[in-house]
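Worksheet for the structure shown next.
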């Protein structure tokens, strides 16, 4: 009798977890996703408001990132783990107590690891839900692009640089600081993979805007002229709601014939693939720069017939990068050895 009750309870639990008719699909991955993301969110908000200063450079000069220490929404951040910790895994039980753990930035690792595992689980949950519904797996493939970006920035880059103190601070101003320092140290703007990522993101935005405007402009009229086109649409209807041939003809004449798609599947695959591939490349670029395989440096690359270099915009950019680099962690650097 007891085993029967346990069997029924387990079956009911499995049915609840894996049912695709729930208002919110849970899934087996969801058992990991929701606790992990909840812990990361609570820890982040708490640290953003209340965390003490963190000795990010490992030189006993702590940096405050929480609101209680006078920061605002723009300047506030969860400060990365101390350079004294390096790339060591630093849970609470590895410290002498909570005060030391907070001082060394243990909160940063806590938030980053729980968040990253949570979004990886979310990607698995997307695959699982698609599988339950008999759908193809392209949704989770597309979501792999931001997962790859998160892995590159939060995991691979700090490991490649030898310390989680080089990770991106979890705040608005901290993000921009990370970007400027990344450019100064790695010449990311001159890296081909970053250029492909920019083309992917901005190109994807352009293509999405073009597609949305074309669809909205070629809706099939099912109503009288005095009525809204929306009144002729029934949610979930099998009939097409817009004329792809009309949109194709318009765009083909606006640009040239072969610039448009006359196949809906090809069109939407292109809209999905373009930004995803671009972000994949950017993530790969950040992962390579983590190990100092940097972007191009054209400093002093133009020479006259006597062998003297001629200043160019590349030299101006290089000088700006050097200025940013010596301003960064200025108390930890030994000027001018950092410029060598």
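Note: Cβ is positioned from N, Cα and C throughout, glycine not excepted.
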Can you identify, from 114-129, 162-177, 226-241, 242-257, the stretch that Swiss-Prot calls transmembrane segment?
114-129
Given Swiss-Prot annotates 260, 261 as quinone-binding, which of 211, 308 belongs to that site as well?
211
For which of the residue intervals 25-42, 43-60 does Swiss-Prot record transmembrane segment?
25-42
Transmembrane segment according to Swiss-Prot, located in which of 90-104, 270-284, 285-299:
270-284
For the C-alpha pair, I'd like the distance in angstrom between residue 194 (chlorophyll a PD1 binding site) and residue 157 (site 'Tyrosine radical intermediate'), rounded off.
15
Taking every protein chain shown into account, which of the binding-site residues 114, 194, 211, 268 has the largest tally of Cβ atoms within 10 Å of its Cβ?
194
List the other residues in this chain whose Cβ sits within 8 Å of the Cβ centroid of the quinone site residues 211, 260, 261, in sequence order.
210, 214, 244, 247, 248, 251, 267, 270
Given the recorded positions 114, 157, 268, state which is nearest to residue 261 (quinone binding site) when distance is taken between Cα atoms.
268
Go through 157, 261, our recorded positions, and report the one whose Cβ sees the most other Cβ atoms within 10 Å.
157
With a Cβ cut-off under 8 Å, give me the same-chain residues at least six positions beyond the ends of the transmembrane segment (193-214) that come close to it.
247, 250-251, 267, 270-271, 274-279, 281-285, 288, 295
